[in-house]
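As recorded in TrEMBL:
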type	residues	note
SIGNAL	1-23	signal peptide
DOMAIN	99-262	domain 'NIDO'
REGION	276-296	region 'Disordered'
DOMAIN	392-625	domain 'Nidogen G2 beta-barrel'
REPEAT	944-986	repeat 'LDL-receptor class B'
REPEAT	987-1029	repeat 'LDL-receptor class B'
REPEAT	1030-1074	repeat 'LDL-receptor class B'
REGION	1160-1180	region 'Disordered'
Amino acid sequence: MGWQKQGWFVCASFLGLFTSVLSITRDELFPFGPSARDQLLAGGNDQTHRLDLTEPVLFYDGTFDSVYINSNGFVATAEPTSEATYLSKMPPKFGMIAALQGNLDTSDGVGKVFFREDSSPDVLRRAAEHINRAFPEDDEVNPTHAVVITWADVTTHEPHSRGDGSPKKRNTFQLVLASLETASYAIVLYVRDGIQFPSTPSGDSNVVMHAGFSKGLVRGFLLSSQGPYYRTTTDEEESVRALAEETNSGQRGVWVYEIGTSPYFTNVAPGEVTDLPTEAPAQASGAHEDADARRPVYTDGQVKYPPYQAEAEQIEVYPVQYQPRQPDNPEVVVVDDTDINVDVFSYNLGTCANNKNKCSQFADCRDYSSGYCCHCRPGFYGNGIQCVAEGKPQRMNGKVHGKVFVGDSPSPVEFSSNDLHSYVVVNDGRSYVAISDIPPTVGPSLQPLTALGGVIGWAFALEQPGFRNGFSIIGGEFTRQAEVTFLPGNEKLTIRQEFKGIDEHDHLAVSTTLEGRVPKVPPGSTVQIEPYSEIYQYSNNLITSSSTRDYTVSLPDGSTETRTYQWRQTITFQSCQHGEVMKDIKPTQMLSVDQVFAMYDANNELIRFAMSNKIGDVNGGAPVENPCFTGRHGCDTNAVCRAGEGTQFTCQCAAGFNGDGRTCYDIDECRENPQICGPNAICNNQPGTFRCECEDGYQFGNDGQTCVEVNRPVDPCEEGTHTCDVPERAQCSYTGGSSYICSCLPGFIGDGRNCQDIDECQQGRCHRDAVCVNTEGSFTCQCRPGYYGDGFSCSSERTKTQCETHRDSLLGATEFGPRGPRPSVGQYIPKCDENGAYNPMQCHDSTGHCWCVDRNGQEIPGTRSGPGSRPMCIDHGGVPQPVGPQPRPDVDALPPGTHLLFAQSGRIEHIPLEGYDMKKDGAKAVLHLPEKVIIGVAYDCVEKMVYWTEITSPSISRASIQGGEPTAIIRSDMDSPEGIAIDHLGRTMFWTDSVKDRIEVASLDGSQRRVIVNSDLVNPRAIITDPTSGNLYWADWNRDAPKIETSYMDGSNRRVLVKDDLGLPNGLTYDSQSSLLCWADAGTHKLECMNPARGDRSKVLEGIQYPFGMTTFGKNIYYTDWRRDAVVAVDRYTGREADEFQPQKRTKLYGIATAYAQCPSGNKPVVRSPYSSGPTNPDS
């Protein structure tokens, strides 16, 4: 390069540096002001306006239908308290989204606060661009609504103005809340020169302004505590000024955060792109005009390709000159062309001393005068950031998205997370690609597009002497965009692929997007693609290629057609610019592809490609006969072929494998060297390599290799250093750090540090015909003489006791003879005394065994005797004991009748039913477990027990609704138990685990546990039993393929009932009277039913919001709704909503079940036991 051209290059680089420091301007904000139809906040100090929203905003784990705009630079989720409560006293007690919060003023008429709710396409498109740029590795987000708030030219609030006429400093910034159904994002924009003051007055001092997200107070059982506060600035003024100079979204001055998700939320997630782009300098005149005619031309930032010409003779190649730039002061220069998405990293001042961890574990770091580079070690290849073993096969996994039109069809075929898998035998260059779930409407027409997987063939192509494949040059992180033009119809298809590097399984990860139109290939046709070659042009951080390809379509009638398409692509990447890394790369190389195979499998909806790939000389060069370069060597697929003289070669197992090269075996590094990962680490062997993970309680230190102990704070509750009242009256709940909450136990009142007993007898808790006795933390109720009942319900006519109900339920299911019920042979029937209580000693009439039982009829361990002998059992006494809730936890006995039971965070509540109507004033908590998150609820109508699943310490528990301690019955080998169902006839329970992806069964005491379904499940949740017919039903809300299935109760005869027109089938219920299976779908927003035996499907109601749990009673269906925080009743016959109940505590409601007054009646059941191989009689 001559001095003149060098000067232009340096000048252009300087201009790039200049543009890189500029933040966004006011013109680059979202539109605001009167022209955008904004509302204007009243001028003044600490002004607030409530904005009611047509669509809610998600913030942390809450859903908000209105927000409060405040002049002090923030948006609140509840009406904010006066500024004196939070200025200099952050975080606040209310939910706050602080764009730049301080003591601000708009009373001078210059500063203004504009706001609006906006769902216009332009605003939503701009919001989507910011979000998707900030989270490049996530699935694409398309918001459906937004709230735009702009603080323009606001100034500080000065209680006593100086009056000296000095111009005021002013700040301008903007907040956009962009939401979709399951997530909300905050986009905060700080304009150039828009932060003129970083602190504001508060009292007698100045306080640094705040930016961040505070949840506010979080309510506990009795007390509240401060929720999480994610602050994005610090107490240093420089952190505020940096908001306009830095980024987490890839655009200076623009910051993006995910602030709320549904159904689950963990923490605020910041954008992931902190690199700062610049504008590409304009092309200077006087550039080379004698370059290779096949090289792409760059004009005005656009890539333009010359027409492709057939290669009839030797190709004349002009080499690309490599001219490293040596500025006096090395800086990071990023050249960004929005059309080809090129990020070129030039110089930085880093060294290996503080950057070596960025290199691959199989690479060495080397310092240069202008920076550092990573270089793969011998036996490995790549760009140094990512290195893989020579000779080792490589795999690629990813998803395919997009829309493709076929032929002249007006409607596209949509791709939504279709699986793409590829496998390459590196030592012979053979690659295989498969894409799943391709419908027949588009599958045959994609057969010509071997290019969908061709890039992995180039990346791992068989190298000819002196040439290198794609991965050895650029590694596994790059962007590839290709344009396919089909002739003669000029249909165009764009293929964009984001390669995200090697994942933890040593697989190359890729995301593919298809957009455009392809000519139709009729179903049943096959496609033959002739061998082709493609020339790749290499320059710094940009690779281009173009070619023309012919293919032959063999039609079903036996005729053939020869078709053509033109292929043009760009590959952009980031390379190390120091040393002479790129100087060794030949400016042009030719990829030769033969043995091309394409097939569409209509039965399995799969498309497959296979091809052989070699990378070599653009002019072909002298024929190479060595088997290492032809691929015909016979080495193991996990071996590298080493070429010798002539046709001689040797096979050498790849790193991480042992053997003679023709047969290679994986080395188990973890077994051979147990200490390879160091102390407090776990070694996981993988094919050809291993990975280290830290043990629980440890994490990787700053070197990324050594496991250091996590500095865990002391739990005052566990250590006993808290100030709560004694454990008999109060509970200590650890909240992280050194914080904890004291709360009085049920039956006591106070602040948690001093708790007093509540006299429940003053509240009329017992029946009017009962005597109430107050106890410490509880009370008891006992019916007066002449009345019968549990004290909460008393009657002059005695109702059946638990023993009598148990006995009669068994007798009612037996054969009837001339003298009344006759139990089947071998059936145990409990014995009740004259008061209806269990006899202390129970015997089995057939076997002669006897044993002692407690008041609830449960066998007392160690008391069972053999035939002919009797155990000594202690008499319970004939007078029924008073019944009352126990103090820990608060279990309120249910009055007679049918009730709805539903889960809400750490409690189970009930709503009495009067007929089919909800008696809302009688609703109250049945069970309170504040430290738990209860998901599924089920009810056993025989023993009057409620069962539930919870996910904080994954387990299944139960408790009597007549009062008593809850008991955990299953607490091991569970990850996320959600749905639960009871078979009251078979005395079993079933549940789903959405992490282990299986369905299990156990007896009601937790014994005889076993898995009955563990395949083809992705997100199983709702589960329901039909005890009378012996059937099981469940829903899988897998977003890619939701379905509702059924089987017998042993898991056999499994089949899919519904798979079409489903979105998120969360709720499921079965009505034995009408034989209808009904479900509520949070994706389609429909409530539907069907008769499983007939398959007739009908819609009950449309327009529901976000259902979760579901149950039925009589004509009504009841479901819990996350959006409405309510239990909703729907009349199944009229198809209309009948009623709604919102509990006092407004949080998400989970599972719901019907607690029947009596077990549902039905025909004589045939029970397909999960513990037998066929149908059985429940009495046997």
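Each Cβ is built from the backbone N, Cα and C atoms, and glycine gets one as well.
Annotations in TrEMBL come from automatic prediction, not curation.
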Discussion item. Please list the DSSP helix, strand and coil residue counts for the repeat 'LDL-receptor class B' (944-986).
Written reply: 0 helix, 23 strand, 20 coil
Worksheet item: Same chain, outside the repeat 'LDL-receptor class B' (987-1029) by at least 6, Cβ under 8 Å from its Cβ: which residues?
Response: 936, 938, 940, 942-943, 945, 947, 949, 956, 958, 969-970, 974-981, 1035-1041, 1047, 1049-1051, 1054, 1065-1070, 1072, 1077, 1079, 1109-1110, 1162-1163, 1165-1167, 1169-1171
Discussion item. DSSP-wise, what's the residue breakdown of the repeat 'LDL-receptor class B' (987-1029) into helix, strand and coil?
Written reply: 0 helix, 23 strand, 20 coil
Worksheet item: Counting each residue once, how many in the repeat 'LDL-receptor class B' (1030-1074) are helix, strand and coil under DSSP?
Response: 0 helix, 23 strand, 22 coil
